[in-house]
């Protein structure tokens, strides 16, 4: 990082790129204070800010590696910047400051990606993105009926920026990355052509910069900084993880699915803990131990599945329901977060209340990791689980570490991931047991081995359907999350919105070219088509699992590459074709490693797919073998069972890819 004083200010550059430019006429820093209103209803937040002061810190005094900022000469200094390697450390010199704004130099044709896992817009330029972990919303588009109904019935419609996994990090087409080290509510605003504005509801510890000669170099550096995941477990490559929550009937249904030729790696039964019925649908009983009524002799069943090479997976989240046996155990030990009166804080999760296990209390975190993850899950025979939630930390509770819950809210998903990882490590199962999360924040990369895209609607909608999963994979992948996957067929079914056979098949086609194939019955299984209820759907699903398994050698090579370099399995086109700006905003197709390009069909009724093939070499259409020159737009036929997939003609894996055509 290069710091240079100017006539009346300073500039900061990294890799010959000016990132910050400060002068009295165009200040880069603003400070002040505000009063926020934050209301949470079942994980959905209504947030407003009343800004009382926003003052430009126009005057800079430079002394060695530090800069002191004030509003004008002779005024009291309010902020100190200290240069530290490729970071700027910030110190508030005025205790009243609880709002900071920073303007980063921008170019008009610049593209910006990141922000954690973004589901609607991969290229964030031109929009404003609040960064606060929450439910992402149902519909996520204020122009749609489902979003409107979700807002009216449960304040749950959401918007384009809502995400389970925000992160104050971006990658710029100027070949640098920026990270704000804070857990406070923050906003990335990319609406101005001359600058990017960062808003933070605290003075952050530091702002870090990363630069490289290529996008891949920067992504690799980010992954090293935040932490890398181990390679995928070998058992995953055996086929799909079948999600069923049908009690003991799940085993018979699995046999039917396998009899159709489906390649299966695991049976995932969320309801291993039992069910409760709510107006939303069938919900789980949030007490994390095997339910003998729902699954009698489950330990024996798990052993029988293991003999057939099939793993068993379950479900857990960081809360305990008040009517379960684990709740009084945790409460008597003082493991729950408390309210203002010092009593256990209860959170409404939709017609039932839960306590929040306080992971800032080391004893509580250790108890959860050992007693629940260790004994109740791993020792019982589970090989993996959905580690759900993490976004619901109320902002008015009291925590063991004494830190304001508003500052711990964003940090909670990473603490949750750490508890899971600690339990896995305690049994020597790191890289063998596979848990997956939807919630995330800075540092989750070091603990969570697999991201899943959260709760999509069971449809083809632009902001909450199949296509959003691609955007989520690409954005989170740039942040150092190598592995991403989704619920095949989506999850959320409300207001008469139900799955079609076409949706399941198109989602399956995409999933076959992702790190993990996993089905989900959804929130209302009885209202929605399942893979074993339609012969055509099941036959299609079985074939796509065979393709996934046949691709395993290639996927293993990508997993090894991810562990070594941090590059994600699913990559934006520009990662390998950075000199082709037309790839910068592409978010509905992806590179599967460097050698494959996947363009899923994401609109209902479509049997053709138009896409851009990058580069100067030739691409081979996977199903027909026809060659296409790179560097141009093409349209191909995409009947069911043949998504638009291409591979590089000069790939060292070309023989493996050619064999996929023979799978009937």
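Residue positions begin at 1 at the first shown residue.
Yeah, the Cβs are placed from backbone N, Cα and C, and that goes for glycine too.
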Given that Swiss-Prot annotates 135, 270, 283, 284, 286, 438 as binding 3-(6-sulfo-alpha-D-quinovosyl)glycerol, state which candidate in 2, 22, 520, 540 belongs to that site as well.
520
Could you tell me the C-alpha distance between residue 388 (active site, nucleophile) and residue 135 (3-(6-sulfo-alpha-D-quinovosyl)glycerol binding site) in angstrom, no decimals?
12
Secondary structure at residue 438 (3-(6-sulfo-alpha-D-quinovosyl)glycerol binding site) (DSSP, helix/strand/coil)?
coil
Take the C-alpha atoms of residue 135 (3-(6-sulfo-alpha-D-quinovosyl)glycerol binding site) and residue 391 (active site) and report the distance between them in angstrom, rounded.
7
Inter-residue Cα distance where the pair is residue 455 (active site, proton donor) and residue 284 (3-(6-sulfo-alpha-D-quinovosyl)glycerol binding site), in Å
15
C-alpha of residue 286 (3-(6-sulfo-alpha-D-quinovosyl)glycerol binding site) to C-alpha of residue 391 (active site): distance in Å?
16
Going by C-alpha positions, which of the recorded positions (270, 438, 455, 520) is nearest residue 391 (active site)?
438
